[in-house]
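Peer 1: Pasting in a structure now, in structure tokens, and then I'll have a few things to ask.
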């Protein structure tokens, strides 16, 4: 029989799912190209579905397995990821429909719903092992709304470009999650650090997530655009990831006193190139520009894991379980800066007509013309005629707004999650599956054992403990 504690999760979850069903029944319809009768437009499913499926794999396999490195939290990492993503995708479809007024669902809505879920999964990484399922669902409800409002402002009011959502997903999710983590910080987290490490096989499972994310990241950055923009997004993301991966191995060895590689760096920092090029992926930044962004991302990500994450925990009391600041936060800021620089340096002579399809607000004003073709395509209601420098400034304004909404929203959400009724894990329940799952009798790591990857609970290597 279900316990009182489990019913605190099951009853609200069931109620919300019923509400979702009612809203879909009353409001949501098929996209016009999916209707069985009166279909007047050709279906877009053939062009979008391959990219959607790639992103789908990233969300449910990539993110899920990436977080299985905790030796006693693997069930929750991959399974709560599945629950959260499924919950968030439904809620995102509703929220985005309410904002846009378009109450239909098609492959594009499926793709953007997965994008929205990614925002919450990034925040999940910051509080991994320190929050219960009910807390995570409440966090998701709040964050989905704030993230979609922020994106709407950035895209439709500020008219900024962020094709790979490095600002609106990666930076937002990272700093929202870190703000929540700061509010939820307790001394119990430090005392439970012995369970925070990995064992050999949990690191291998985590690496599965890394490889899936790495392989499909070009679709994440280019799936929502088409034509030459999509082609550039694929190329730029590919090159950025290649450069980032090689750089990660180099820097990981350089910062280790024995010149060895750190699995934490390889699992995470190798992906930072995909984030760093996200904002400018569809822009003609040239292959070397994409590689420069990837190289820079690899450097700052590894250095962040090595030096910044421990400093944030000890000095700022921000415990970042997965290091989302290093994989999503700082590379997301780098991407925003790169996009702003690209915008400020753009011109019709070098970018051609792509300039006005990427930055619709730069479309030059014309006498007796209220809207040009490119502006109409992007649903822009006025032609602004911004200069390149002005567009670069708006790109930076979108970043500042994103960080402000994420941090303030995360702090408020963190205080909401501290309500005792929500069963915030404490003590022995931190970083542990036993409170939520039936555990197999064999193979479950002992919380007191020295992790087999050479890291003890205090972060020292096996060699260090013997010195």
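Just so you know, glycine gets a Cβ as well, placed from its N, Cα and C.
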Peer 1: Transmembrane segment per TrEMBL sits at which of 136-155, 256-275?
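Peer 2: In TrEMBL, residues 136-155 carry the label transmembrane segment.
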Peer 1: Which stretch, out of 237-255, 351-369, is listed as transmembrane segment by TrEMBL?
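Peer 2: Checking TrEMBL against the ranges 237-255, 351-369, the transmembrane segment one is 237-255.
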Peer 1: Please identify the range among 197-217, 428-448 that TrEMBL labels transmembrane segment.
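Peer 2: The range carrying the transmembrane segment annotation in TrEMBL is 197-217.
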Peer 1: Report, as numbers and ranges, every residue of the chain located at least six residues beyond the transmembrane segment (9-28) whose Cβ falls under 8 Å of a Cβ in that stretch; write 'none' if there are none.
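Peer 2: Contacts of the transmembrane segment (9-28) (Cβ under 8 Å, skipping residues fewer than 6 from its ends): 2, 87, 90-91, 93-94, 97, 103-105, 132-134, 137, 141.
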Peer 1: Sequence gap of 6 or more, Cβ distance under 8 Å, 3 or more pairs: do the transmembrane segment (197-217) and the transmembrane segment (48-70) meet that?
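Peer 2: The answer is yes, given that the two segments have at least 3 Cβ pairs within the 8 Å cut-off.
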Peer 1: So what's near the transmembrane segment (136-155) in sequence-distant terms, Cβ-Cβ under 8 Å and 6+ beyond its ends?
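Peer 2: Distant contacts of the transmembrane segment (136-155): 9, 12-13, 16, 80, 84, 87-88, 91-92, 95-96, 99-100, 116, 119-120, 123-124, 127, 162, 165, 167-169, 172-173, 176, 180, 398, 401-402, 405-406, 409-410, 412-413, 416-417, 422.
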Peer 1: Sort out the residues at least 6 away from either end of the transmembrane segment (82-99), same chain, that have Cβ-Cβ distances under 8 Å to it, and list them.
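Peer 2: Beyond its ends, the transmembrane segment (82-99) has Cβ neighbours at 13, 16, 20, 23-24, 27-28, 59-60, 63-64, 105, 109-110, 112-114, 116-117, 120-121, 124, 133, 136-137, 140-141, 144-145, 148-149, 152.
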Peer 1: Counting only CB pairs under 8 A, let me know which of 48-70, 111-129, 167-185, 288-308, 396-417 has the most with the transmembrane segment (328-345).
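Peer 2: By the under-8 Å Cβ criterion, the transmembrane segment (328-345) pairs most with 167-185.
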